[in-house]
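Copied over from Swiss-Prot, here are the features:
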REPEAT    377-406  repeat 'ANK 1'
REPEAT    408-438  repeat 'ANK 2'
REPEAT    442-472  repeat 'ANK 3'
REPEAT    476-506  repeat 'ANK 4'
REPEAT    510-540  repeat 'ANK 5'
REPEAT    544-572  repeat 'ANK 6'
REPEAT    576-605  repeat 'ANK 7'
REPEAT    609-639  repeat 'ANK 8'
REPEAT    642-672  repeat 'ANK 9'
Amino acid sequence: MKEQDNLSISQELYGTILINLKSIVQNIFPLEYNKQEITISYIVEQIASSGSIQKNSDYPELDEEIEEINQAIIDYCKYKEIPKEEENNIYKKTSELIKDGFLKNIEQTTKLEPTTELEKKYLDKLNQATSSDEKKIIIDQHKLEIEAFNKQIAQDFQKKQEDLRGNREITNVEEHKLVKEGIVTKEEIEPYLSNYPLLNTLVEYIYLDDDQDIPLVKKLFEIARNFYPNNSTQELKELMELSYKKVNDLVGTNSSNILELLNHKQISFADINNVESEELHKINEIKIKSNFKILDCVISGDCRVTLKKLIETGKIESFDKKELELVVALFEKDADTLNKHQETKLSSKVGKLLLTFHASKAYKLDDLMQFINIIDVAEELLFTATYYQNINIIKQIIETKIEISSSTLIKALYINFTSDNKEILDYLLSFKGLNINEHDENGGTLLDYAITFNKLDIVKKLLSHENIEVNKKNIYGFTILEQAINDDKLEIVKLLLSCKSLEINQKNQYQTTPLQQAINGDKLEIVKLLLSHPDIKFNEKDQLGYTSLDWVIICNKLEIFKVLMPHLDINQKNQDGYTPLEWSIYNSYEVFQTLLLRPDINVNEENQHGLTPLQLAIIDHNDQMIQALLSHKNIEVSEKNQYGTPLELVINNSNDTALKLLLSHPKINLNKTEIAEILRLHEAKLKEEVQDDSVPISNIELDTSVLGGLEEDQESYGL
């Protein structure tokens, strides 16, 4: 890989984790510059050494950001298919970029008196205080000084950042990163060189991509060029007039709303310019709709400062000015202004905008009620009242006798999951128009979601509903019982098993029963629960023809096997003609041992090919199982079938250890001459003196006249 390629990849990786680095500085240690410098330096060192950051016990608040950075590095290297031998070079170059760029900015930041000094000063005063009133005064003074201190730091930091950005004067347009990367042309950028902060901030985000791997900064400029069909420079001009402070909300990791609104021409860059920098992020947090314009976003996002400015400048589109002034009063909880608007009624449009969950945090729901027509906004009001657990408003909606659809009630019940308000749950479930088994757009029912979020009380309540369907399959072909089993929700399985209408042996699309799923998932406690049900079936077959017992043996699940064993016919053959004992010879010695302890086990049962367990073990050269079988009191060691006796099979398979075990078995009734001939044949087989392996050993007559070396041979076999 070329050096230039390494640098480019390192720059992209830097851009990928830049958001996390900024979060550490702005959100975790916003004013603590020493900690900023220490923690970012630590991250730089860790990335340089291994590409992975170890959690720092001195700063546990960094854990989440460290996890995200580590995952981002892993995902990026995997996506780019970076060769292992190049990774260390990439890590070192990335750490250098962080050090020379991000960390350097922190180091150059002016540091004021540390907050710890203020804390120490006021702690000394508190220790000297003699009364609670005196302590309260000291604490209040401390709060005021801290506020002033933080304000001064914030102002100084902002000024420093602006100076740093502004001082990066662009002297060679062709060498500017935006031009070199082909994001803008020299001609497009030249008229706006004076906006150094914006241009240089855009460069910081140049390597951030969207889901289609398109650089977000590039996407931003493409939107600007195509916004006005007959004037490609107009929106570009509006973009270049923006403050650098708004860049993160335009192309940061959480900028999807604004980009979507711009892309669909619902808002313009001029609209964004009218939004206060501190409020722009709120637009990225709301749930936007296809008909939203800038004022819709401002109201839904509680951008009250921006809204005031738009009212003052008359940029209110088709909205009524009085309505918007009332909205501001609601946001500010201004009782005097609200009283002045007693006669004002909010339109259905504004009422619905205010009843989004984001905006509704900004005002008192009870204040809003006097200004809306409940019939116009019944659905949105029901959702918001449920979210804020306002049972009185919910009852007020119902008392108006508005027709509420089942899907609306279902959605309200979903919302209530977050609070588990039993009164609201009972009230909403009591509606006759409710279809409790209705699927939402994702194919889930109320019961599905209650199980997913482990809401035991809600599951219990839903199961008691007269119309609940417990055997209904979801869009993936699974029942709620299977869902609870897969999620290992033992208490919910208990609740489901108490339902009389439950079909406990119902198969899914793979012909697997709930019991088989629990076994395959190694859910021992759930298996015990299912086995306790009176209607459980143990021998149901899946699409491969295997039963629960087959899978227990195949997967060597000994503990589950012990639980299953009392319920099974231990000598029943499976579809391949094997008994559990024979099946375990190939799969599980632990299960094999457990089966041998059963008094009803048939250790001599032949499979469909006519082989006994002992013969299978001999063919498999499994000396451990041969020894275990020979120790069983019912084992037959001299019975002859189409494969001969066990002794003959041992010789034919050249198994020295098995021969010793058989010859020493008390049920082997042979004289010394016969033993000598067996040993001779075995030695001949080992030495390949028997040339034709196709002739079964049972067809070779024992030569009882051969006695030479008998004592020596017997002694070598421990006889």
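Cβ from N, Cα, C; glycine included.
Remember, predicted model here, so these are calculated numbers, not experimental data.
Summed and averaged per residue, pLDDT over the repeat 'ANK 1' (377-406) gives 89.
Helix, strand and coil content of the repeat 'ANK 4' (476-506), in residues and according to DSSP, is 15 helix, 0 strand, 16 coil. Remote same-chain partners of the repeat 'ANK 3' (442-472), defined as residues 6 or more beyond its termini with a Cβ less than 8 Å from a stretch Cβ, comprise 410, 413-414, 417, 420, 422, 425-426, 429, 435-436, 479-481, 483-484, 487, 489, 491-492, 495-496, 498-499, 501-503, 506. For the repeat 'ANK 9' (642-672), the DSSP-based tally of helix, strand and coil residues reads 16 helix, 1 strand, 14 coil.
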